[in-house]
Structure formats: C-alpha cells, structure tokens
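Quick look at what Swiss-Prot lists:
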- 1-17: compositional bias 'Low complexity' (COMPBIAS)
- 1-23: region 'Disordered' (REGION)
- 52, 53, 54, 55, 56, 57, 58, 59: ATP binding site (BINDING)
C-alpha cells in the first residue's frame, strides 16, 4: 500500500440514494417565509437600528428609542438579533428572565412600558457562553424570532442589528416584508463616519428607507456650569448627514449615569427621565413617529 495520504482510493459501492424532491424543500422554505409574513402583517412599523461599526452605543439607542416610543402610548416590541453581543435585555432591565412557549409559539419577555422583548441572551445557559454560529444558522434564528414569536398586534417593532452590513442585516432586509426603514447610529469620529456611510449605502442597495442618523456621544454638558464640550469634535454627525442626504434625528449627549445604569441592568430612560439624554430620546422618538406615520 502506498504511503501517500492523498492517494485516491477506489470508492466502495454505495447504495443508491433517492434524489431529494426539491419541490418539497421549496414548499418548506415558502411555509417558513409565509409564517414570518403573517406575523409581521400585525405590526404596523418595522424599524432596524444599525451601525457601521461596534462601540457606538447602538443597542443603547435601540433600547431607549423603544422606551421613548412606548412612552407615547404605542405598543412596541424589540428583537435583538445581535447574536454575538446581545445587550438589549440588560439595558431594558429584564436580563435573567426566560422565554416561554405554548402551542401558539414563543412568548416574549415583557419589559418596561409593556415592551415585548426577544433576545438570544434569554436562551444562553451562562453569561460567558459564546454564540458560535455561521450565517445560515443565524438566518434560521432570525426567521424563528420573527415568525415563531407571539408578537401580537404592535405599532412598532425595533430590530437591534449587529454592527456592519453582514448576514444579519441582509437577512432582515430580505425577511421583513415592507420594512419601514433603518435608523443609523454613529459617534462624532472620522472612523465611525466612514463606517456609517457604508451602512447608508447598504440601505440604499437593498432599497430600504433611511429614517435618519442618531449621533450618540455627541457632546458633554458640564453639570456645574452647563457648558457644552464636544469631546470628539463638533458638528461631524450633522455634516455627514448633509453630505449623504439623510436626516439627523438627534444628538445624544455623553452622561456618566448612562454607564452606571447599564452596568446595573437598569433602564436609563426610566431611572433618569428628566435627564438631557432622556429628553433627547423623546425628541428622536417624536421625529421617527412623525416620519413613519405621516407616510401612511
């Protein structure tokens, strides 16, 4: 016998396999997609929150935007499809709870203002358990989160997406029928601005409306004298929005109490309702509501 490990061996005769009936496979795929369509039909507005890069506070914006919209009396849900870094449950103060299921499907966790929350974080056995999934598995999980969850009738579904324009963003654009649009999160830095331009061009590539840009960490207001400091530079978000022909929805200030609330797993919007940050989220929510509901 040759010692060459790459030598081609004569294959043993294999029993004949029946070819797969691709028509049945296609029917199964269509059935899953139809389930998503049926669930999404009961939701008036579906908004994806995206960012070109990580570390810009996208999930913080998603969570507080959801609370600000819900505070107006509208019925809101939020689905966290940032599988590798799910943080929405902690920011909404519902971390550690579990998803339940019945014969109708998966029941979401109920958060502040009655917000329906779904996240992979509810399914992980430990805090440090990684999610090691390829694109196809993530696509299937997104289908489940959209089609198997008992969302009921909602006014808004906020979709917290991972950074970048990869598999999850493409899956959402393909799976969510009549997606209302994207809110894009940035910070006032050149690196983030470049990444955001890619997100804007991605949205245009998949023919999805851009509702506007939120500039997070925009400035710092000194609590002693009220003076405003632009730590990362002034006017970068506004300039970029003008260059790309999109709306600047708002500029969220830096606030040390944001980190304190997030670390404690307490919803910032609830804990500090009178803060400049919470008031800015109310302004952003008001703009989003006017943009999407005036286009009915």
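Here the Cβ of each residue, glycine as well, is placed from N, Cα and C on the backbone.
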Message: Return the residues near residue 52 (ATP binding site) by Cβ distance under 8 Å, restricted to its own chain and a separation of at least 6 in sequence.
response: 163, 164, 165, 184, 186, 192, 194, 195, 196, 197, 198, 199
- request: For residue 53 (ATP binding site), write down the residues of its own chain that are at least 6 apart in sequence and whose Cβ falls under 8 Å from its Cβ; none is a fine answer.
  value: 163, 164, 191, 192, 195
Task: Write out the long-range same-chain contacts of residue 56 (ATP binding site), meaning residues 6 or more apart in sequence whose Cβ is under 8 Å from its Cβ.
output: 163, 185, 186, 187, 192, 216, 217
- line: Note: in the chain of residue 59 (ATP binding site), residues six or more apart in sequence with C-beta under 8 angstroms of its C-beta are 80, 82, 85, 87, 88, 91, 160
Message: Other than 52, 53, 54, 55, 56, 57, 58, 59 themselves, what residues in this chain have Cβ atoms within 8 Å of the centroid of the ATP site's Cβ atoms?
response: 51, 163, 185, 187, 192
- line: The answer, for which of the binding-site residues 54, 55, 57, 58 has its Cβ ringed by the most other Cβ atoms inside 10 Å, is 58
